[in-house]
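Trainee: Submitted below is the structure of interest, expressed as structure tokens.
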């Protein structure tokens, strides 16, 4: 167990501080005496709380069980604890305004007053009503689009902009939180989503021409940024951090010019402030690096040195004299302990180039993407635990590296770190030679099904006899409090396996009956036995470890607990066959076997970093293939292999996309290459921009794909309007399940009609955007009733037309 304690004579002055740090395997203490002050920085920190305190506070508020003041108090307590933790660890540059009730991009939309007109906002400071309506929708209007944040599993709310948007300073959150920290005696670095990245991450609003240049709005939003900066300076801020992560993408000259223009325009307002431009998630391309390091009024540049190692070459070729380099050497995207010796070597090499006094040790990106604190993992295997570092431990690593760089290296701490790394490398539990050989053998073929999809669909229709526009759901049904309680009790061995199975069978029976009553054509068993679509499988595969509190925010109050893939992966025994067979025995309608695909298991886990990701993915694909074969042998004729996360793993640079898509699509095909033509293979994808990878989606060769569509304003359909031919079955989502709003049947029918304008009726399926586990039955029943009714309306219309 890790324990951090700090005693200081004066706040944030490490010249007279003693830092002690202990774990089950080692202890160390550092007496800071060097005249060269250590310089450390954290890009951002998880906001959900070590035990998901924010999640529970949000959901209580949304359910009307607690007040806005109570929610605000939970948030204030979390912020205070985070700032104090960083300060006590000796962090020099502590971020503020990285906390959010839902999403930092939505916070920026609120700051700019860029509220879509459908929310009937009339100006003034934006409150919870408008804020959460934009995030979640309300009874009368839908939410704004939500999509993946770069190549992570975090989702942001996409701004909707156009030439008529009136921007105004409408949320003072950045200043309020800076002052809040200052009252605690902590002078933070306020963090703002940079103006250019904000626009590049936006989309034209509904009714605005898709060719509208979002960057044309730069001079309209800069006045608001000026106001924020002026207020921050007046409040006493000495630094400000602008996150401009789009600089790591492939940008054209016009887009790069926008950065030059924006920061030149802000130069006078920024006078007197130290300005950090932070980038993350990949290398900064050469042209972008040149633009970035030439920006006006900028004091420091932040780079991801973990995923952006090529940036090191650019720094060696030239770095602005007198500027600070915030070197992101501690990984904010994974949970493995840092290789401190290697990182220190990198930092010292950078110090030789830019000057050691100009190097600030930092995280590679916000720690938002990693679990909160290893101290809460009291049941985790001790050997595996010694290999890990969560956000709280990464703060310690950053500061230990900063101290070592300033001449105060703690040999005991560094030696313990080296011992843990050596233990991981040599541990026999990491390697399974048989698995490695089987995965290596996969590289000789493309694993395509022999018969083309058109012929397979004909064979499947003869067997399944489905109506036109068949209805289905994506997999999960609501997870009630009773259901969660029973799973917890079974895990804690408070109830017997017999009692647990009896309860789950009743739950499955209820879900099957409900679907039959609603008239749904292809059923699901509702997944009552599953805690999470990745964790459930990982718990039954070798090479995985699990945490009790390793939660990571996905969006809003939605948190996931990624498994840890520490070794070679295999499937010891069937994982889902019993439950799928049980469900199929309850109905004559087709029952989908429900699996999570190898790419999604990979992308939604903390993945081992000691071998290429594709090798791990091939191992998982073989395990899922074994499960697919067993389901088919058990009589399951429709098998869904979800690849919800395929798009999010796409590299941020075009030059790297083909390699990823090749092995990712190949991994999916491996899972089902051996099934009969009459076995229908479905897959599902959600909340990403799919249009640019549509040909890879086609290459997956699934029989049916269900895909998010409604929340993104039916963006998916545009690819078919542009002439892409899709011959397999496809179900673009007809309503957004991440909103409590219940869509009327006429609205759903209208969506189906839009789909029929670009897709043939014989391949179109009708389904929600995503699984239903986060919704309540009081929302699900009427929504699915309307969905089935809408499908019947269109079926009747098509029959009449014939």
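The first residue you see is number 1, and the count goes up from there.
Heads up, the Cβ atoms here are built off N, Cα and C, so glycines get one too.
Bear in mind that TrEMBL entries carry predicted annotations, made automatically and left uncurated.
Annotated active site, proton donor per TrEMBL: 738, in sequence order. Here TrEMBL flags 55, 153, 558, 559, 604 as 5-methyltetrahydropteroyltri-L-glutamate binding site. Under the heading L-methionine binding site, TrEMBL lists 474, 475, 476, 527, 642. Here TrEMBL flags 474, 475, 476, 642 as L-homocysteine binding site. Annotation comment: TrEMBL describes 684, 686, 695, 699, 708, 770 as Zn(2+) binding site. Residues or ranges marked as domain 'Cobalamin-independent methionine synthase MetE N-terminal' by TrEMBL: 40-352. Per TrEMBL, the feature domain 'Cobalamin-independent methionine synthase MetE C-terminal/archaeal' maps to 469-792.
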Trainee: Do me a favour and check the Cα-Cα span between residue 474 (L-methionine binding site) and residue 558 (5-methyltetrahydropteroyltri-L-glutamate binding site); whole Å is fine.
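Mentor: One finds 18 Å between the Cα atoms of these residues.
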Trainee: Please report the Cα separation of residue 770 (Zn(2+) binding site) and residue 475 (L-methionine binding site) in Å, rounded to an integer.
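Mentor: One finds 8 Å between the Cα atoms of these residues.
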Trainee: Report the member of 558, 684, 695 (the binding-site residues) whose C-beta atom has the most other C-beta atoms within 10 angstroms.
Mentor: 684
Trainee: Averaged over the domain 'Cobalamin-independent methionine synthase MetE N-terminal' (40-352), what pLDDT does the predicted model reach?
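Mentor: Here the predicted model's pLDDT, averaged over the domain 'Cobalamin-independent methionine synthase MetE N-terminal' (40-352), is 97.
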Trainee: Report, in whole Å, the straight Cα-to-Cα distance of residue 153 (5-methyltetrahydropteroyltri-L-glutamate binding site) from residue 476 (L-methionine binding site).
Mentor: 19
Trainee: Write down the Cα-Cα distance for residue 684 (Zn(2+) binding site) and residue 475 (L-methionine binding site), rounded and given in Å.
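Mentor: Per the Cα atoms, residue 475 (L-methionine binding site) and residue 684 (Zn(2+) binding site) stand 10 Å apart.
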Trainee: To the nearest Å, how far is the Cα of residue 55 (5-methyltetrahydropteroyltri-L-glutamate binding site) from the Cα of residue 708 (Zn(2+) binding site)?
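Mentor: Answer for this pair: 24 Å between alpha carbons.
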Trainee: Determine, for the L-homocysteine site, the additional residues of the same chain whose CB lies within 8 Å of the mean position of the CB atoms of 474, 475, 476, 642; present them in sequence order.
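Mentor: For the L-homocysteine site the neighbour list reads 473, 524, 527, 533, 594, 640, 684, 770, 771.
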Trainee: With Cβ-Cβ distance below 8 Å and at least 6 positions apart along the chain, what are the contacts of residue 559 (5-methyltetrahydropteroyltri-L-glutamate binding site)? List them in sequence order.
Mentor: 48, 52, 55, 551, 552, 553
Trainee: Just the number: how many Å between the Cα atoms of residue 684 (Zn(2+) binding site) and residue 153 (5-methyltetrahydropteroyltri-L-glutamate binding site)?
Mentor: 16
Trainee: Applying a 10 Å Cβ distance cut-off over all chains shown, what neighbour count does residue 686 (Zn(2+) binding site) have?
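Mentor: Excluding its own Cβ, residue 686 (Zn(2+) binding site) sees 28 Cβ atoms within 10 Å.
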Trainee: Given the binding-site residues 527, 642, 699, 708, which one's Cβ is surrounded by the fewest other Cβ atoms within 10 Å?
Mentor: 699
